[in-house]
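Worksheet for the structure shown next.
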Amino acid sequence: MAVKYTPDQARAIESRGQDLLVSASAGSGKTSVLVERVIREIMDDHLEVNQLLVITFTRAAASEMKQRIKQRLQDRLQEETDASQADFLRRQLAEIDTAIISTIDSFCLDVIRRFYFAIDIDPDFSILTDATQIELLKERALRDVENGYLQNEDQAKKDRFLALYDAFAGDSNANSARDLLLDLYQFAMARPNYRAWLQKLAAPYQLETSDVVDSALWQEKIKPYLEEEFSNLADKLTALMAEADFDHEKFAKYQPAFTAFATSLASYRESLATDDPFDRQRELLAACQFDGTLRTNKEIADFVEEAKEVKEAGKQLVFNVYTGFYASSNADQQALLAKGAEIASAAAEVELAFIDRFNELKRADRVLDFSDMEQLAYEILTQDSSNSDLARAYYQSRFKEIMVDEYQDTNALQDGLIQRLKKAGKNNLFMVGDVKQSIYGFRQAEPSLFIAKYDEYGQENSAGKQRIIFAENFRSSQPVTQAVNLIFDSLLTKDFGGIDYQKEGQLKFAAGYDPEAALPTETEVLYQEDSSATDDDGELNQGDLAMVISRIQKLIADQTPIFDPKTGQTRPVSYGDIAILTRSKTSNLDIKQEFDRYGVPLFVMDVQNYFQTFELTVIMSYLKIIDNPDQDIPLVAVLRSPIFNFSSSDLAEIRLVNKSVSFYAALRTYAKKDTDLAARCRDFLAQLQDLRDFSLSHRISELLWTIYERTSFLEIVTAMTNGQQRRLNLTALYERASAYESSGFKDLYQFINFIARMRKNQKDLAQPILSENAGNSVKLMTIHASKGLEFPVVFVLGLEHRYNYQQDITGSYVLDASGLGLSFAYPFDEAEYRADTLANVWLKIAKKQKLLEEEARLLYVALTRAKQKLILAANIKLPARTDLAGLEEKWAKEISAGRLTLLDKMKVAKPLDFLAPALARAKQVKRLGEKAVSDLATGQEGSLVFVHFDPKKDQAQLPDSEAVAASGADLTEDEAAVFKQAEKLYTFSQGGYPYLDASRTTAYQAVSEIKKVFGDPIEDELADSHISELQSANRYLQPIDTEPDFLFQNTVSSAELGTASHLVLQYYDYAKGDKNAIDSCIAGLVEKGRLSQTLASMLDREALSWFVKSDFAKDFYQQPDRLHREENFATILSPKTLFKDFSDFPGKILVHGTIDGYYEAENGIILFDYKTDHVNPRKQEEAIQKLKEKYQGQLRLYERALNESGRLPVLKKYLVLLSCREIVEVD
């Protein structure tokens, strides 16, 4: 049966001689149209298939499209009666496999292989696809560049480099110059002319006049933004004052405050509009104060409430603008911009050096990566040379049409490359996409390219260009399309998202489901009220999951009908029809565990935290102790693993043999005893030494495989739950080790640190979970992974969790396609503070809007995956003194003229903030239904319903142990014993186990871990901490890592600077009596390879010298043998000593740690601990007090350990605050 196309689809298929942009909404059949256009051009226009260039976003999409075209050609061939036409079709079928229907990377590779001589590269290159190898080459290139600058004889060049790194040295968010250079690389490689783009980074900081108001940055970016913001505020204020009858006594008392604020606001706006000097504008904005209190008045309560909102909005706007753009005077702004120009120029210079060195290393190895392919192809097609002319002419004459799928996801470089393939004056470009589904900003996709063409091609006078909109949705049921339109009508506008959704983006229901079928007719907002819910992070709690599991169980129990396109009939929904979409995969492991607990089958599409999986934690710990066995935490992790099976009591017994030495030393001492446990210790130590010897003469990959073989660890993990996946994970680590070695790296320690960096940078090496495990299971995936897919029933989960975009707009820099914003330390009034440049303030705002726009588009993708039923799940946190009705009232008021204002959208902190106003408004206006989960039934009327989940009444059902017992009445004796044990375990899991708290922590704790869990210490004990808080610090659930990263890498964070400072003070030689030897001590550590040159150059040597020259340290020179530094200790404590709400448990917890230093005076011990925490000089006394409270519990642990060791009593405890040069006593 012939397909019936809509008029717009027919135009897209049949139009010729024009550049076409097809804006195809979700589920609108764009792929079918693209395939049909190709077939028509072959059949009707007699184009050869190899005369078409079809660019897709993924290899899977390219393969699918090629297969569809091939199938259609085969169908036409079977029907064809004309011999010549049949021959033509056979030829096209023969050529389809070599036709360029591919990703843009594959096409670029074709360009390079065909015209490599145009840019003089070796044709015998290979493609570097392994992320590990790419990261290794980047590391090497960056290290070479850094060393080159540090050793450069050109002092000016060296100074520029050091100034760049110094600008980021004190960043508390660990954003370093290295981070900037690596981030710059990603942005630069997505630009058509990256050298020119980098060289323009300093442009916004360069002023040609004496007032920042005259700069291009102010006039083109900042001023329009401020005018818009204050215009909106003035409109609100004017409307409010017009509403008030100030002649009436009830309103009269409010008039002076409003009039004064309106007058001062008008003065500032006029000053802004007429470009008054910066300092004058600053003065007028500071005068915009809203004085007076708006007291509640029942007679005019609505006015007072609205007035309060306008007042708060005005105060907040004035505060934000003043502290952002006007925080410093014109003179200081000029100085900041001048320094910013120097840093930006240095960043561009060093970045270009890094790119050149990275390219040199790749060329030396005769390899290219993906970014090379696009850059080199662009270079081939754009150079002013005869060879480039030849390349352009070849492709421009070959391709009669250029088709680009998912055009909204292209970047500037890809778009520039595509434009070079067009012949001047020839309109043969066909682009299809949907800007509402542009969700790959992190890959440098630029939706602005689509929006610009959308606007241009939509104009009546756009000769040779045409815009076509696909609005019909053939995927989703009417309740789904109605809900999507309801939400996005208020969200996507020209000033937020680049498209007017109400006018041009709405979905038109066209799915054609049988109206007689009893299908689900409602989209659900599934919620529970929770005054204790947290929305501060992305972690899902059990309440969220119980709510979703309960709803899934009811869908299955009710046999909710869905339409099955394979049979053309309705059938009951199954688990396999359901998908759960989340913003990130952070909670995947927790979700899987909870679904398993309730017996609901779940297939996880991808699991984060590869390096945190049990098997990788054990093996990486083993590698660490092979490199250096004197590391307590990895050593204990290996001993407790299934390889050796040492119990907590075994470990405690070993530790007690000598509490003052490392665990490795205690283990060796204990092994000399004549006990069964000692024999096991000897076996372990023998194997460890054997592997250490083996590692000296063998490759890392060989070492790994030898561990697997000698320990049978592959077999052990294969026997565990999800064993095949665990085995694949271990195999993947072996393969990465081989790749690491093939790149020229051999050292085990460096490999351990490389893996640590991969984990830190979230470079996950995990293999995909085996697909055959999916079966009839609920599918869990991220929204990104769901793009292009569809499911009968979709749950969108985690709507109350905060976005984490703050990490992109805080710190020392903000980076965007439009430029680089910088923040750095600058001296103000004889004190140094971190200050934002104007460019940084502006880019924070611009980038925040881009990020929020992408989050809104991500929601659009999520909601449009649903075919027949959409369920939005949220755990709603109720503000203090507010019930749900009050919260709904607040949400509904945010909708103005059917839309959220830009100001409100810029305040959004979580997905629910985007959705709730429209949903609440719809509930008010349309009086939509409110139901409980238990009241839901199938086939109900309506398009949107709010479903309240009551945890007490609607709790998800756990597997029924009694039913299991009944079904096992005829079990054999052995089977009955197994069942009895399983039932006991089930009882324990439901709270029957008497020592449940003990299972949530370990019998072996590091002070550093306990310190992270402690809040402020209570007066008479260590801390008022809760056992539940320690779950996040449980070493068997979290990555094990004790090695400081700085030893063999150049990435420098505040924490690493602190650790390095400790290292210097540990090895400083007081015995020589030289108080000026800090420099020589640091030089010695660098020479021995214990400290990198880069980090050494960033240490605060003045602070270190201050301490060793202080009166506090004078005794260290006189009797250095009484000084103890980096002293290991261990002590046994009752759990209740550490955790306030720990249940009664007879066992103990072994706590270990390292004391920075103590000095044995005549009558007792002086204990001290170095701290490098930043201390605000303006609030130094308050900051020091907070530090004392913060570290009091830690020092008391050290005191207790020393007192129990039989040494002299601890007399005093001190914090050595290096950043502010203070030594303070702690009670």
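Glycine is treated like the rest: Cβ placed from N, Cα and C.
Taken straight from Swiss-Prot:
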type	residues	note
BINDING	Ala24, Ser25, Ala26, Gly27, Ser28, Gly29, Lys30, Thr31	ATP binding site
DOMAIN	3-477	domain 'UvrD-like helicase ATP-binding'
DOMAIN	505-788	domain 'UvrD-like helicase C-terminal'
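Lys30 (ATP binding site) falls within a helical segment according to DSSP. Neighbours of the ATP site: apart from Ala24, Ser25, Ala26, Gly27, Ser28, Gly29, Lys30, Thr31, residues of the same chain with C-beta atoms within 8 angstroms of the site's C-beta centroid are Asp434, Phe470, Asn473, Phe474, Arg475.
Fewest other C-beta atoms within 10 angstroms, among the binding-site residues Ser28, Thr31, are seen around Thr31. Long-range Cβ neighbours of Lys30 (ATP binding site) (same chain, at least 6 residues apart, Cβ-Cβ under 8 Å): Val22, Ala24, Asp405, Val432, Asp434, Phe470. Neighbour counts of Cβ atoms within 10 Å were taken for the binding-site residues Ser25, Ala26, Gly29; the minimum is at Gly29.
One residue stands out among the binding-site residues Ala24, Gly27 for having the most other Cβ atoms within 10 Å of its Cβ: Ala24. As a whole-number mean, the pLDDT of the domain 'UvrD-like helicase ATP-binding' (3-477) in this prediction is 90.
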